[in-house]
Amino acid sequence: MTTVIQRRSTSNVWEQFCEWVTSTDNRLYIGWFGVLMIPTLLTATTCFIIAFIGAPPVDIDGIREPVSGSLLYGNNIISGAVVPSSAAIGLHFYPIWEAASLDEWLYNGGPYQLIVLHFLIGVFCYMGREWELSYRLGMRPWIAVAYSAPVAAATAVFLIYPIGQGSFSDGMPLGISGTFNFMLVFQAEHNILMHPFHQLGVAGVFGGALFSAMHGSLVTSSLIRETSEEESQNLGYKFGQEEETYNIVAAHGYFGRLIFQYASFNNSRSLHFFLAAWPVIGIWFTALGISIMAFNLNGFNFNQSIVDSNGRVVGTWADVLNRANLGMEVMHERNAHNFPLDLAAVEVAPAVRG
């Protein structure tokens, strides 16, 4: 008879839990950031789905005129949204237990705060989890750094902007048409299109899309032939193979002749760093711009029209933008005030006749 003697495990439940959380052998890495990320994102997602489907109207402007955003109250997928918290709540922290009843909490838009704050904690932890997994695997930390761009953008529109404006009611609604409404109102009140940081963000996003398409098409066009005409070219690559799957010299030569020599990268590492850095830096600047405009340091304005020697207005594109901004501002919160602030606070300026 054979007797097998095993050493009894001396680790307790907590040590086993710690080992499981930080193990890179799991199908999905949990990590310490994941311990907080998972419940917060599940909470935000669950509340969003319920609110998008059935939340009652919210008194967003604090003037007893509720706005419906859910599907069961007459909206569709395009027009539906989770409406931001009421202006009557302002920046006050408004959990369920701060309201006198659940009906009051829903009427004042409590679900918006619950969703946004849990969502932000969740995406912060997701970024930390990216860094944590990179650290465990001995990788460099740039994946988390790149992800910081959309995290900064989300933080700017959901947290920094409401803080600067003094109320969560100014945050971005959680829906398709609500997002576009937020963009139009932001342009009307802050002239974001004329802010240099937003312009850098546009260059980052559009430039990143252009560079991604250029890189992908160049690589695909210079693949090393490994298959016949009857086979898919994708079969010519084996996961983990040591040799390069495309000819970077050919791609470099093509692009160098198409534009000029120094427009083409001859170093694969610097090329991919550039592809990552360009859109990330652009989105960083946009998030910074929104955070600046949150405190009303707005984009360039040209409110003083150009006039000739007889006092007649010489129409410019700036006048067109100004009138468009005023029109959008008049439509915004039309029952909360009679005039946009810049119409009510200054003397009537000459307008372009069109």
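Each Cβ is built from the backbone N, Cα and C atoms, and glycine gets one as well.
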Annotated companion of S264, F265 at the quinone site, Swiss-Prot, chosen from H198, H215: H215
Transmembrane segment range according to Swiss-Prot, out of 29-46, 47-64, 245-262, 335-352: 29-46
Stated Swiss-Prot location of transmembrane segment, expressed as one of 87-108, 197-218: 197-218
Pairwise Cα distance for D170 ([CaMn4O5] cluster binding site)/H118 (chlorophyll a ChlzD1 binding site) [Å, integer]: 18
Pairwise Cα distance for S264 (quinone binding site)/H272 (Fe cation binding site) [Å, integer]: 12
Integer Å distance between the CA atoms belonging to Y126 (pheophytin a binding site) and H198 (chlorophyll a PD1 binding site): 26
Cα-nearest neighbour of E333 ([CaMn4O5] cluster binding site) within the listed binding-site residues, H118, Y126, H215, F265, H272: H118
Chain-internal residues, separated by at least six, CB under 8 A from H118 (chlorophyll a ChlzD1 binding site): T40, L41, T43, A44, C47
Quinone site, defined by H215, S264, F265: further same-chain residues with Cβ within 8 Å of the Cβ centre: M214, L218, A251, H252, F255, L271
Proximal residue to E189 ([CaMn4O5] cluster binding site) among binding-site residues Y126, H215, F265, H272 (C-alpha distance): Y126
